[in-house]
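J.: One structure, pasted below without further comment.
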Amino acid sequence: MFAWYKAGSPQQKKTFWACYSGWALDSFDMQMFSFLLPALTLTWGLTKAEVGVLGTVALVVTAIGGWGAGILSDRYGRARILVLAIIWFTLFGVLAGFAQSYQQLLIARTLQGLGFGGEWAVGAALMAEVIDSRHRGKAIGFVQSGFALGWALAVVVATLLLAWLPKEMAWRVAFWSGIIPALIVLFIRRHVKDSSMFERARQSRAPRASLSSVFNRKYARTLALSSVLVIGLQAGCYAILVWLPSLLNQRQVAAGSMIVTVFIMAFGSFCGFAVTADLSDRIGRRPTLILLSVCAWIVTVSYMLLPLNTTLTAILGFLVGFSAIGMFAALGPFLSELFPTNVRTTCMGFAYNVGKSIGAGSVVGVGVLSTHIGLANAMGTFCLVAYAFAVFGIMLLPETRGIAIENIGEADAHSPAAPLAQPASARS
């Protein structure tokens, strides 16, 4: 499982740690906010509607950030824009800690979301272009496991600060703490370079990325199906993760057990990232994503039907993290292998972040449907529809395991059903 890392060049290892740390920091800043909402609500007397806007605005604007960062990355380089994205969301996260009103915090969170959208696609493309095609799934998948680390750190930091400091100060310090891990920017600027593949593409006569690139009919079918895939995966994930605490509360699971469950879910997601990363290189991107989509829905149904106790809650929490979150380890390699180098991050950023923004609508959908059929049934229904949506997109996209992404041309981009040549090592 780790042979790819041991065999990697110093530059590949530095790139891995830069992308891993950037994604962990992104997760830390994003997940921290969810743990601070109760303190903010108490301090400023926010309504549920205001809390809802604060909680979703960053997710919505990630679509713009991902699209914009993708275009800039395809034009000016992956490493440079990765640094910019990290600086951006760190800066506005720190400024959020100085907010004196709801309106100021809303503006800071909105601007911070632009940076969140930019980091994922740029980091995934950078990693895809420097790693050997035989190990691309494992490498990018392990980068994705940085999400679990950032999530766990957010739980620890938020819990300690809220326990040690007055609530009106704790949330501010929590936002300010995001600047410490951002020192990774100094490492990236000094040690991480763009791949030779990207440099060759930039010097070629291939058309440069622009705002209109994603509307080019050459990429339209692949981009549309990629977006459908991401919408399904994100909708299912949000339907489970956002509403799970409420479901556990309905089942009268103790608050202490719920905190433990969050840690177990984070650990489960880390294990899921590792296994998914390896599995996608062994059996392919499509079978891996389909298998885990089915598993995630089964776990959700189990929450609906089984009588929950402490042990079962912990087991199912691990399985939720493993399947619903861990499956994203196969998404980065898959999307990076679908588009040519000259528009790779533009299309990846659009598909991932637009899909994420639309998929987040499942949070509202579950809430509305739950008033008619109950929360557990609403979660199960939405997850079934979401993962069926994802599988539909997967089935119409090609298997890409092991392809040489430097050879992806414009013909490949608009003919996803066409067979893609794979090296013998990838097929074995």
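These residue numbers are counts, starting from 1, taken along the chain as shown.
Note: Cβ is positioned from N, Cα and C throughout, glycine not excepted.
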J.: Could you confirm whether, in Swiss-Prot, the topological domain containing TYR352 has the same name as the one containing LEU25, so that both are on the same side of the membrane?
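T.: Topo match: yes.
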J.: Can you say which of 207-221, 357-371, 402-416 is given as transmembrane segment in Swiss-Prot?
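T.: In Swiss-Prot, residues 357-371 carry the label transmembrane segment.
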J.: Counting Cβ pairs under 8 Å that sit 6 or more residues apart, are there three or more between the transmembrane segment (51-71) and the transmembrane segment (228-248)?
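T.: The transmembrane segment (228-248) and the transmembrane segment (51-71): touching, no.
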J.: Give the nonlocal contacts of the transmembrane segment (288-308) in its own chain as ranges (CB under 8 Å, at least six residues past its ends).
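T.: For the transmembrane segment (288-308), the sequence-distant neighbours (Cβ-Cβ under 8 Å, at least 6 residues beyond its ends) are 229, 232-233, 236-237, 239-240, 244, 247-248, 251, 253, 272, 276, 279-280, 316, 319-320, 322-324, 326-327, 330-331, 334, 376-377, 379-380, 383-384, 387, 390-391, 394-395.
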J.: Does the transmembrane segment (111-131) come close to the transmembrane segment (378-398), meaning at least 3 CB pairs under 8 Å for residues 6 or more apart?
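T.: These two segments do not touch.
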J.: Hey, would you say the transmembrane segment (111-131) packs against the transmembrane segment (315-335), going by three or more CB pairs under 8 A that are 6+ residues apart?
T.: yes
